[in-house]
Amino acid sequence: MGDRKKSRGNDKDCIVFKYSSLCEPSLTTSSSSIIPQPRSVSQPMAMEAWFMDDSVEDPRLPHHRHPKELVSLERLAELGVLYWHLNPNDYENDEELRKIRETRGYNYMDLLNICPEKLENYEEKLKNFYTEHIHGDEEIRYCLEGSGYFDVRDKEDRWIRIWIKAGDLIILPAGIYHRFTLDTNDYIKLMRLFVGEPVWTAYNRPQEDHPARKEYINSLTQKLGVPLAAH
């Protein structure tokens, strides 16, 4: 992999470690190449997802409905959410991760540790992460250590909570309403991937006129073949 722009230090330090690109974006592969595909709905699901209740209690709690209403990978895929389960203990040499990056053009990568003890302005930043928003680009996150929740809206505007743990890589499509918070472990180490120079701009809801939101809505209506009302 490329040279590190900052030394690693303590893994529990809540800082970003930047790296030069692992590979240049390339959408061509030889006939012998095997391009990793998102996990099939027929395979065991390491990542857990469920519909959330309406409680305003501590967002770090699971917030299951009663009875629980689990959400399948197939249902997430219908919303444009993609998922892989990889080996987080060897990400520097992981051939499957390399192929995902190469195939999808993710030439930027950094590592982000989030924990309350050392992250400057932790409460403010976590509050911002948990404010419902969209991005103009995909959000790609690979959990290397710890755990946390990504919440996404379904087509009926219900919250689906996605619990990611070590080894889970997910891609949220541009334009999907979502938010993030830690769980009660209060620690996660994430790899962030991006095409080109990263743009982390969040557009808080409502954003129905944002081009990425319009494109996302159009993709859902075409995929599902049913109208999707703007919210």
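Placed from the backbone N, Cα and C atoms, the Cβ positions cover glycine too.
No curator has checked TrEMBL annotations; they are predicted automatically.
TrEMBL has this to say about the protein:
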| type | residues | note |
| --- | --- | --- |
| BINDING | His133, His135, Glu139, His178 | Ni(2+) binding site |
| BINDING | His133, His135, Glu139, His178 | Fe(2+) binding site |
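Structural mapping of features recorded in TrEMBL.
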| residue | record | CB count, 10 Å |
| --- | --- | --- |
| His133 | Ni(2+) binding site | 18 |
| His135 | Ni(2+) binding site | 20 |
| Glu139 | Ni(2+) binding site | 20 |
| His178 | Ni(2+) binding site | 23 |
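DSSP assigns His135 (Ni(2+) binding site) to coil in the three-state reduction, outside any helix or strand. Those residues of the chain, other than His133, His135, Glu139, His178, with a C-beta within 8 angstroms of the mean position of the Fe(2+) site C-beta atoms are Ile134, Leu172, Ile176, Tyr177, Arg179, Ala202.
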